[in-house]
Amino acid sequence: MRVKDTLNLGKTKFKMRGNLPVNEQKREDIWAENKIYEQRQKLNEGKPSFVLHDGPPYANGNIHMGHAMNKISKDIIVRYKSMSGFRSPFVPGWDTHGLPIEQQLTKEGYDRKKMSTADFRKLCHEYALKQVDKQRTDFKRLGISAEWDHPYLTLNPEFEAQEIRTFGRMAELGLIYRGKKPVFWSWSSESAMAEAEVEYHDVTSPSAFYAEKVNDGKGVLDENTYFVVWTTTPWTIPASEGITIDAGFDYSVVQPAGEDRKFVIATDRLNYAAEQFGWEDVQTLQVIRGRELDRIKAIHPFDNDRELVVMLGDFVTLDSGTGLVHTAPGFGEDDFRVGKEYGLDIFVPVDDRGYMTAEAGPDFEGVFYEDANAIALDKLKASNALLKQMDYVHSYPFDWRTKKPIIFRATPQWFASVDKIRDQILEAIEDVEFLPDWGQKRLHNMIRDRGDWVISRQRVWGVPLPIFYAEDGTPILEKETINHVADLFEKNGSDIWFQWEAKDLLPEGYSNEHSPNGEFTKENDIMDVWFDSGSSHQGVLAQRDYLEYPADLVLEGSDQYRGWFNSSLITSVAVSGKAPYKKVISQGFTLDGKGHKMSKSLGNTIVPDEINKKMGAEIIRLWVSSIDSSSDVRVSQENFVKASESYKKIRNTVRYLLANTSDFDPKENGVDYNELRPEDRYMLVQFNELISKIRTSYDNYDFIDIYKTLLNYIITDLSAFYLDFAKDVVYIEPENSLKRRSMQTVFYKILVGLTKLITPILPHTAEEIWEYLREPEEFVQLAEMPEVANYTDGADLLSKWQSIKELRSHVLKALEEARDSKMIGKSMEAKATLYLDESTKQLVDTLGVDLRLILIVSQLEVKALSEAPKDAAIFDDQLAVEITPAQGEVCERCRMTKTDVGSDEHFATLCASCAQIVTENYPEAITEGFEEK
């Protein structure tokens, strides 16, 4: 027999390395086979509900790190709620219509203009489902627990039907109308766009200052006077119909030296203009208030047959330009508004693909709009109207899918009126909680300032607008027809809109006074995809009886304030008068390590699959819990290396606890709270505080606080304190001694509680740990979160032990100094003499603390503070410490230096305490003796 055979050296099959990339997938298979998600839902039947509604990601390509961050965040919340007394189902969704899928098929060689709409839509449908399967696999690999077999897809007939009914309700309320006004127009997509589909980039455009000659000065200006206007879109000059000024600004009529012409410029911009044009000795002839110039006429700079009218508008500024704005009502929202006020025609000489039409004039016809800039500038020069041309850097809208610039273009479109229900929507926002709280103001301002929603799209892969036209062109948006279409879609899918005649899509026997011959046609446009996802509160929440409407929570990227948060809010308030969610959490974007947007072309992407294969999904999940995702998040390999190191600390700590409870059965060996040793009772109370803090952080969605609290507890309270001296009990003391079982009781309670607490973040690891615990639930996901206990002496214990730990830190410092001076090697070679004041000594005595144990020294002596020698290390007014080498020899078993080593005749290398333990528990050692080293 060897001495080590008499020690209770912990053993466990729980490996130091998790081999996560391999073992996680095996565990996910086990979850699927055992239907863990379904079991959890069944357990929670009848409990209060908590519904997190999944904003649908777009079904195109593998998931990126932003997807991972978002879905893992949701999973953490849902798992926690499910283990905390809530019925919390999670239905994942996908946005499956839209331009990117059409574009992808075009890349694969399909030309939608050379095939039937029905055939092209079939290809889109098949492609979308493949993408859903691909992303579902990616999400499941991250350990996301969800209703994977019954997700919601915006292409599902039942969803499309509810979307049509949502549209119908809005039409019934008079919120749907057809109008011609400028909308974001993507020539690269050949379709109108919503604000949520637009992104902005800085671009350099040719800007021009040019003069427009007064034609009818109304007795205010003579005909040798020119308005100086400014534009950053010279290509729109062919569509110019007026000049907009501000009624309250002062405008100066000036004449520079050497010029026959007189010019009108906003007085506050005169110095700037003179500098730009190189004017000298500028003479001010007249100062006129803007309102006096109203309806004065000017001549178009390169079309003498066209008159321009001076108009008063509220959008003119003095920040740039001249205070006079070139106005083309067909190409700008403000221009359109002021043009309508003045009764101007809406002139739009650009086609769907961005090419100028014949209306623009022979020099422009067939020219791409960007190329028309140069022609317009040349014509200004030729007519001596151009005063200055310069490059201008400004923010410009782009199609977020094609990454091409877009234009404002007035076209006939279908709109959802926001204006009619704006006040209701703003009121609904007041009832919603936001995290971060600035989200409320952001969404409020967006709704306050946004225009009506253009919901029609000139594409084919989407939900058709359920609108019919009578023989005289009257649009038909009746409750009867729309609901009938919804019923047809629910039964047959929306493809029938493109396969059936209009008469077959109308209710049997339907008639309309505008179609005396019974002839009808149908709308060709489809709905904006934001109307698809924006109807999910009706298509999912209100449809599935185990969900709730409104949802308790939505959690998406901050771009969704203008996207899904926005569109779903509008439709929900329209159909039900309330917001579709009670709380909104927004997250920032994932950027590369340098703060740049991730892009395949830049080669700076890190994708979840790469980390999964290299380190495991648990590392991504732990990383998600370690970041503040309320703002933009930088992602680098170093982030995951750091998360991996933290994971190892958690795993190794758990492994130590498992190894040292392998012979512990809580039912047979557990020690009651009142019988626990002082240090163990304190650790249990402290762990109870940890449970309280972490659960509060979960409730507040404060993942980073959970991460920090957990790591600090493991490193500081367990590893550096409790487990630091634990081996002197669990290894050394008799197997069934109260001292050892007391500590094991706390070890086990910490293990069980800790495993439950980390389950939402590290479910794979938690399940692996759970297999080694003697708990009734087969899977930890089917257990409940640890409850916060009420220890009557808890607060008192925490306060007193804080003093003990401060004392310990002072002694450890003195031991460190003794090591540095070579007085001792390990702390077990030391004797510590503590000189305590009366209150501290009384505290130690009251608690019954084994100070020698927690200080990890071989010998300890406690004396009055008044006896402290001058060379003792003094800490405040309560403690002095003297470290000296311990007297005696080192016990081969407990490694303590003692004066009674060899006092037992049978065990020459053991101290008296170890000799007694061996004699009582290993009597064979007396006759056999120990093997020599």
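The backbone N, Cα and C atoms fix where each Cβ goes, glycine too.
These features come from Swiss-Prot:
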BINDING   E556  L-isoleucyl-5'-AMP binding site
BINDING   K600  ATP binding site
BINDING   C891, C894, C911, C914  Zn(2+) binding site
MOTIF     57-67  motif ''HIGH' region'
MOTIF     597-601  motif ''KMSKS' region'
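Distance noted between the C-alpha atoms of E556 (L-isoleucyl-5'-AMP binding site) and K600 (ATP binding site) is 23 Å. Tertiary neighbourhood of the motif ''KMSKS' region' (597-601): same-chain residues 64-65, 589-591, 635, selected by CB-CB distance under 8 Å and a gap of 6+ residues from either end. Residue counts for the motif ''KMSKS' region' (597-601) by DSSP state, with H, G and I taken as helix and E and B as strand, are 0 helix, 1 strand, 4 coil. Listed by sequence, the residues of this chain that lie at least six past the ends of the motif ''HIGH' region' (57-67) yet keep a Cβ under 8 A from its Cβ atoms are 94-96, 98, 100-101, 104, 128, 131-132, 134-135, 138-139, 153, 557, 589-590, 598, 605-609, 635. In sequence order, I732, E892, R893, R895, M896, K898, V901, L910, A912, S913, A915 are the same-chain residues whose CB sits within 8 A of the CB centroid of C891, C894, C911, C914, the residues recorded for Zn(2+) being left out. Here the C-alpha separation of C914 (Zn(2+) binding site) and K600 (ATP binding site) works out to 65 Å. The sparsest Cβ neighbourhood within 10 Å, among the listed binding-site residues (C894, C911), is found at C894. The Cβ of C891 (Zn(2+) binding site) lies under 8 Å from the Cβ of T897, K898, V901, T909, L910, C911, C914, each of which sits 6+ residues away along the same chain. DSSP classifies C914 (Zn(2+) binding site) as helix under the three-state reduction.
Calculated from their C-alpha atoms, the gap between C894 (Zn(2+) binding site) and K600 (ATP binding site) amounts to 59 Å. DSSP places the residues of the motif ''HIGH' region' (57-67) in helix, strand and coil in these numbers: 3 helix, 1 strand, 7 coil. For the binding-site residues E556, K600, C914, counting C-beta atoms within 10 A of each C-beta gives the highest total at C914.
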